[in-house]
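Undergrad: As annotated in TrEMBL:
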- His197: active site (ACT_SITE)
- Asp201, Gly202, Asn203, Gly204, Arg205, Ile206, Gly207, Arg208, Tyr236, Tyr237: ATP binding site (BINDING)
- 111-262: domain 'Fido' (DOMAIN)
Amino acid sequence: MPWIWQSPSWPEFGYDAQIIEADLARATEVIGEISGMRQGLGAEEREELHLRQIVQEALGSFGIEGVLLDPAQLEVSVVASLKHRDRHAFSRRSDAIATLLLTAREDHAPITAETLWEWHRLLFFGMEVEDLGRWRESGIEIVRSATAGRHDVLFVAPPAERIPVEMARLLDWIAQEQRMPLAIKAAIAHLWFETIHPFADGNGRIGRALIEHIFAQARALPFSLSRQIEAEKRAYYEALQAGRRDDDNRIDATAFVLWFLQCLARAAEAARAEAQFLLARNRFFLRFAHRLHPRQENVLRKLFAQGPQRVAEGISARSYARIAGVSGPTATRDLNAIAATGALRRSDAGGRSTSYALMLD
Ligand SMILES: Nc1ncnc2c1ncn2[C@@H]1O[C@H](COP(=O)(O)OP(=O)(O)OP(=O)(O)O)[C@@H](O)[C@H]1O
């Protein structure tokens with residue numbers, strides 16, 4: 001079977017503007033809403049959201065099989081990278097990943113082959129991988145579930161000797177293309193990059209960093225898209241396959257572009273909920289912190305750190321005692337004192353199951 005890169009239309013990617021129109025409008029609208037919400041945050045809150053975003057992205061999408069990234073370690077690395085953006089000496093993999101993610105989002109220089117090689121070195125910092133920091137030197141095929149002796153070849157990428165020319169053409173297109181809506185440009189660049197599959201490993205992750213980089217040319221995405229792609233991996237793979245239809249004189253990428261825009265909107269909606277939660281938390285402490293004992297505030301902050309679901313469950317004397325490291329009677333006394341400030345409301349259940357709801361506005 002001839003592969004798409006063997007077609008005479010390669011690499012003329014196109015899409016049906018009418019089919020994607022509504023989804024493009026939706027994605028643009030919700031991204032705009034989040035950017036607007038961010039404008040309304042204080043500098044500290046914005047920095048916190050940014051930090052969370054990078055950490056989530058790294059955790060959700062930049063781990064390596066079998067080598068888990070430690071969230072706390074990663075946070076330290078991201079904070080350090082945010083403070084010293086030009087640093088080049090790392091001792092840990094999490095430092096290198098944090099630098100990769102920040103560079104992809106914040107470096108406005110046109111992307112070159114050297115940039116991508118550098119990202120590849122950062123991605124695999126401290127690890128032994130084939131063709132580190134350069135294009136792959138052997139062939140690659142993408143297979144579906146390779147079981148002993150049998151597998152379906154989904155796609156064969158272009159041979160290694162074509163990569164320098166193919167990548168030069170893609171990078172040139174990224175530099176030149178100015179008219180296309182950014183979200184569509186990012187989708188096509190990603191699809192094109194994955195079709196070339198220029199590295200021996202890490203093509204998914206570098207391709208996702210490329211998306212962030214393209215958005216950052218105008219305005220960095222105010223949330224993590226990689227995390228959403230990771231959560232929808234099966235549909236993503238199908239969209240990659242479906243988004244390369246040979247259509248006489250062009251490659252019809254409509255199916256992939258459509259999926260990408262919808263994924264973008266879902267990521268933005270999740271980010272909106274997170275930002276709203278953060279704002280509600282800040283308003284909560286603004287209203288009540290001055291009336292709380294430091295231990296009480298500390299327990300409530302720990303609860304918020306566990307996310308919206310945990311906060312919605314409220315807190316019992318038992319969990320308060322565990323979090324604060326105090327006895328049951330002290331926990332009950334503290335909870336009643338907090339309830340007296342109006343920050344908590346005691347549930348009617350009573351007895352051992354008594355729980356206190358947090359009074360968010
Ligand atoms: N049919 C396909 N054609 C082209 N590219 C594909 C296809 N299916 C998957 N891909 C891409 O290949 C990536 C996997 O390639 P590779 O293993 O080199 O990347 P990775 O970064 O190590 O993996 P991951 O994306 O799972 O983190 C997928 O993330 C996807 O972007």
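These residue numbers are counts, starting from 1, taken along the chain as shown.
The backbone N, Cα and C atoms fix where each Cβ goes, glycine too.
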Undergrad: Determine the binding-site residues, out of Asp201, Asn203, Tyr236, lying near ligand 1 in the sense that the CB is under 6 Å from one of its atoms, and give them in sequence order.
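TA: List returned for ligand 1: Asp201, Asn203.
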Undergrad: Would you count the other C-beta atoms found within 10 angstroms of the C-beta of the residue listed as 'active site' for me?
TA: 22
Undergrad: Given a separation of at least six residues and a C-beta threshold under 8 Å, show me what packs close to Asn203 (ATP binding site) in the same chain.
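TA: The answer is Phe193, Glu194, His197.
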Undergrad: Averaged over the whole of the domain 'Fido' (111-262), what is the pLDDT?
TA: 93
Undergrad: So if I measure Cβ to Cβ from Tyr236 (ATP binding site) and keep only same-chain residues at least 6 apart in sequence, which ones fall under 8 Å?
TA: Ile229, Trp259, Cys263
Undergrad: Should Tyr236 (ATP binding site) be counted as helix, strand, or coil on the basis of DSSP?
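TA: The residue in question, Tyr236 (ATP binding site), is helix (DSSP, three-state).
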Undergrad: Using a 10 Å radius around each Cβ and all protein chains in view, which of these binding-site residues has the most neighbours: Asp201, Gly207?
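TA: Per the Cβ count within 10 Å, the most buried is Gly207.
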Undergrad: Would you mind checking how many other C-beta atoms are within 10 angstroms of the C-beta on Arg205 (ATP binding site)?
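TA: Around the Cβ of Arg205 (ATP binding site), 23 other Cβ atoms lie within 10 Å.
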Undergrad: Under a three-state reading of DSSP, tell me whether Asp201 (ATP binding site) is helix, strand or coil.
TA: coil
